[in-house]
């Protein structure tokens, strides 16, 4: 906690002294910032008085003092030592609502007939708002639950009106609500549904009290597409810094734990890098693969790798930069991956830093000086147990847990500044590397140079509530004055408020007085102690002597709040973990009457984002930031002590008072040093290392068989052990090319059909876990039970959700007496020793094959489990699970291990679809099931297409004040079929003042500050930009942005230009490029113009300026008013649009007139008839204006006339008509002239106060992005900034935005209406419709707005991009007969994988993630050979540590970008399964995890793709069995019964005309000869229809052209749109050959033919029975 970080508890000890009677003094003390709607204490004192003294305190408005805002009375008596307090409260009123200026009040205290008055600053902050969201991260389409806690400045609940907005990551508010917390006990529960189509990134909830709109409180949350991880990764360096001299390098520990507490086994990829500001340098050589065993791994960044990776590679060049380390951990099963990062590890020469932030800046000579040093690690965290010592005085101390050490030194009796140097004395670090820092303390200044001092001290740095400390008052005074000081007065101030006032007596001769002070929770988070005494000193004048000290109090809640499990007898839950769905008891302990907001959050949420949790320390940080005290104590004199402590003091003695406080913020607060190092996501890459082997090994490996059948020469390219090894390898390889080494493996895989004789739970008895919320328990509970030991307890029974995880139960309470409290999170771990973790991606694309993995965990200590696992059928997916056939496998899981079971799916339906996997253990009656939803999205790419953008300005663009717009429907010709589109209609107001602020950013003007030089013309070219830039920055108050110190530099340059220009002044006061050249009218007028503007900035001699004015009038103005040019300038480019010969007399006369008008105020007294001569020029311009044609001339002359108030009537109309599109005065192909002319026109419009015409002109000027530069830019630069500065000054804060907008959508019966108002001008209002339709808009009212219409839809992509930056080919061939296979293997195949990286250099450290087909396992001997031969093709391989090797991960050191990298190995089938599920191969680069490619493989399906039928863009699964094979004999009744089953849609007699056979599916074109039962397709007899079947059903169907068939099927088998519907022949289709007429003569067909005739007759006549 830092001294000035928040409303600290200001404990002010005011020491005051009773004096001999005779010189009464009255004083008033208030906080120097008073807060609206808050009770504030005012301290009143009287000295040397008798009798009772009535006091009235009133608070008035400032400066008028018309209203009494608060008034209180009290009486000071001898019984209270003439010390008293009153409580005042300033109500919120309209005076305090305006945005302009600081808010002040007058506090008056009338002590009898003596009146004191003090002006005090008012803060509109009347309390705090704390916002808690249920989570820190959300997916699109989910709901944000949030609570707003409304509290006053004492953190107690308050009922007030608040405004809440929700802002996009771009800072645009899209929702704004006005809400009241009255009758809500200070807790507002709210929610917001995130749209499906939403911007990803950091969103904000912002809230403020209606009466203090500047005090905005906010909470952030992230929106992204994510899936919760199953484990967390912590990256912990052994030191928080990297010490540059450390030869050991940087050691980092990696900890990986499942969310349910078990340790992770896997592989971590680690890369280090150097961060220098925003730039990151990745250290490629540091890329390492680390095995994570039992949850931990270690990695070291060596000093050499660090130095080799940077340029220049010198240690000192790295100091000041920082290191980061990125870690990605992948489970052995390949099913999940988590990234973590530790950044900001500083590279330092000293491991510590010393700060004096908590040390006062002033000392009292000859009294102890308390030095509080904060020692931090380089990352800013406190460094405990570090010895520190002062230089010179050699005082030693040790830092405490908070990093603070206290050193007390004796100061000399001198009034000179005191230099204090402190350094660390940590063992093992050379002196040169110890941290050292020096501060300078200044002496406290006494009044009248007396020797009266007061010094306060406390024993410790961080104080704990519940203890009592002694506050020491050390007195030093003139010996003959000491006896006058009889007592001290003290007061305690909390969070900017005065809490308590009292007195502490003092006996004569006591140099030290001790005040015992109990530290209560009310003093959290920090407080100040201020003391003062007063006396008539040796100078016979009244003196005040003061001191203060700041103290930190350990953070905790003021009240109590604890959440714990509560099933044991003592209220403690003894169980370490719980089962899913189990009931458990929660106990909440807190203050009676408190309301507790609860939420349970899956810990996985905080793995992804832990940044935005509400904690008690965050609450205190907010409170600290509002502290009105500003230093760690003391002050430069008595007034400085009060002011720095946040107090205002006024006495009845002249001059005895504090100065007026300048602003609400402290000049430089001593910040509370709290910092957490956050983990961020980072991607990285890895390059492998290889250790040398002897040549014999090279030869042996050369003789080994190569699975890829590469030639010896190609294999040798993979040998990286030097020339000698390559030579040996080639020699032996060539000699023994035919050598074969047979490898056998003896491992069995337990995948088989369910054994009926073993005990196992049937699938239908397993109830799947399906409730996996990321947060729940979002309730508010009231603690009503009577208190026991001051604490109330509530017991709740809750049912846990289905997730296997750890839940963090978070609680925030709000109590009327104890305020807000955030409890420590209570963790509840949920798991079982056998379970399924079904890992699903965030979303999948319809019709695109995907692999998911169900990971089965067995946490039993010693038992292997034989498990039957089943994927359940869902018609929304194509998989090996069909309506007719289950997809089960049997796997064995070893103790404390896991097995990943892959499933290949093709999603067929858009939306949220369920995937369900169940598993049962043989002989144990243990089972688990998981049902999760998978989001299926359309093919194609989501596109945001802008349909229309319109400016809304009914007064300007409408007719009769109403603007009508017709918006067309979007062109969605490229939309993916069977997908939705959404049209978003967005409305936003454009407040005019907002446009002004956005005019030109100060940052853009840096190039304008230049040094003028050259001749009389060049000097003015150089002087112009600086003068106009300073003028602009002054007017727009942007110097803070530009750099305050730069203003003086710019003024010096202007002065220089002015002085240089005087060298070119001719004896007649005119100017030319050189003294011997003819005087120039234009240049002289321009000097007048620039000097007139500069006269506000530097000292300009009026005689110089006005002499030039006289010359222009007397020498260059003709009788008719026109000015003539007899000495043209050399640099014609500098004169802008006046340069053109056309209408030059009018434009030159206007230019001179404008210059004279701008000099008028300075020269009116020195130049006779100046006004008359200006008017004469105006007469000339006015007489010529009707004939002028050039827009430039009309603009400059228009401004000249406006200056004389003569731009009106027909002249004004001509001026306005010259504007192109009402926003610019355009000169063809002359951008600079157009900018200059439009600037003159804007100045004219501002003089006319035509604020409606102004905005489009300003907008056009802003859109030009013209910041003044380049050849010929002098006039454009000068005028654009003069005009924009004038605009900033003139455009009043006229809040003219009040517009009603109505949208009439054809699909809606009534219009949607919106009102755009100033107060919420930037609020983005939106309307959305799923219909793609044109609509009409009407707008009426004042001001401007913008309408944007955007269509969001899925557009077809030009071609399918399945792979990103990788090419991948996978082949599967039967192994040759010569290959020996293990005895148990049913068959052996060779899996070939070839891949190439499509980037411009090799992809280092890439990964092949291979799912094996059901029943197959890889040949480990082949894999060993690939990994361990001297010709290494792979870096390493990993398989599940269990009996089912169904996931294989291969690590490659690189994937070439210039040629294919190929590998192949044998895979053996150890048992047969009915349907083999395809396997998959996925390649990805470690540097960029988004770069990936997946291909499938299968022994029968060439590309490993599941069978599906597609019609246009709609696909359906064809993996199910073909239609039912009919029994040989079927009766009439059976036929009728089957045809009348529910769902049968049609019954036809058909004739097959022709067959169209293809590689995927067959189409049969049939004639519908008779409609026996009509269905959804209203087909007539004689029409043709297509019947579609998958190729694999061709043989089973065996249809013949020209033959007749009886066919019926389900409505779900109809496809396409009327009138051209197609029919699927699937498992539910009836296909029966109908014998031809001649075939019916045969005896074997007679009965069938008769039955078919009767069947047809019954169906047609009677239909189906009900």
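Backbone N, Cα and C atoms are what each Cβ position is placed from, and that goes for glycine too.
The shown structure was predicted, so the numbers you read here are calculated from the model rather than taken from an experiment.
What Swiss-Prot annotates here:
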type	residues	note
SIGNAL	1-22	signal peptide
MOD_RES	70	phosphoserine
MOD_RES	296	phosphoserine
MOD_RES	302	phosphoserine
DISULFID	630-666	disulfide bond
MOD_RES	676	phosphoserine
DISULFID	698-725	disulfide bond
DOMAIN	698-733	domain 'Anaphylatoxin-like'
DISULFID	699-732	disulfide bond
DISULFID	712-733	disulfide bond
DISULFID	878-1517	disulfide bond
CARBOHYD	944	N-linked glycosylation site
MOD_RES	973	phosphoserine
DISULFID	1106-1163	disulfide bond
MOD_RES	1326	phosphoserine
DISULFID	1363-1493	disulfide bond
DISULFID	1394-1462	disulfide bond
DISULFID	1510-1515	disulfide bond
DISULFID	1522-1593	disulfide bond
DOMAIN	1522-1664	domain 'NTR'
DISULFID	1540-1664	disulfide bond
MOD_RES	1576	phosphoserine
CARBOHYD	1620	N-linked glycosylation site
DISULFID	1640-1649	disulfide bond
Rounded Cα distance in angstrom between residue 666 (disulfide bond) and residue 1106 (disulfide bond) is 47
Residue counts for the domain 'Anaphylatoxin-like' (698-733) under DSSP, helix then strand then coil, are 22 helix, 1 strand, 13 coil
Residue 878 (disulfide bond) and residue 733 (disulfide bond), compared by Cα position, are separated in whole Å by 48
Smallest number of other CB atoms within 10 Å: among the modified residues 302, 973, that is 973
All chains considered, the count of other Cβ atoms within 10 Å of the Cβ of residue 712 (disulfide bond) is 18
By a three-class reduction of DSSP, residue 1106 (disulfide bond) is assigned helix
Excluding its own, the Cβ atoms lying within 10 Å of the Cβ of residue 1493 (disulfide bond) add up to 18
Whole-Å Cα distance, residue 1106 (disulfide bond) to residue 698 (disulfide bond), is 98
By Cα geometry, the one of the recorded positions (732, 944, 1493) nearest residue 712 (disulfide bond) is 732
Top of the recorded positions 296, 1576, 1620 by count of other CB atoms within 10 A is 296
Between the disulfide-bonded residues 630, 732, 733, 1163, 1540, the one whose Cβ has the fewest other Cβ atoms within 10 Å is 1540
Taking DSSP H, G, I as helix and E, B as strand, the domain 'NTR' (1522-1664) contains 41 helix, 51 strand, 51 coil
Nearest to residue 944 (N-linked glycosylation site) by C-alpha distance, among the disulfide-bonded residues 1163, 1493, 1649, is 1493
When each of the recorded positions 70, 944, 1326 is scored by other CB atoms within 10 A, the minimum falls on 944
When pLDDT is averaged across the domain 'NTR' (1522-1664), the result is 85
Argmin Cα dist to residue 630 (disulfide bond) over the recorded positions 1326, 1394, 1462 returns 1326
CA pair residue 1640 (disulfide bond) / residue 698 (disulfide bond), Å rounded to integer, equals 80
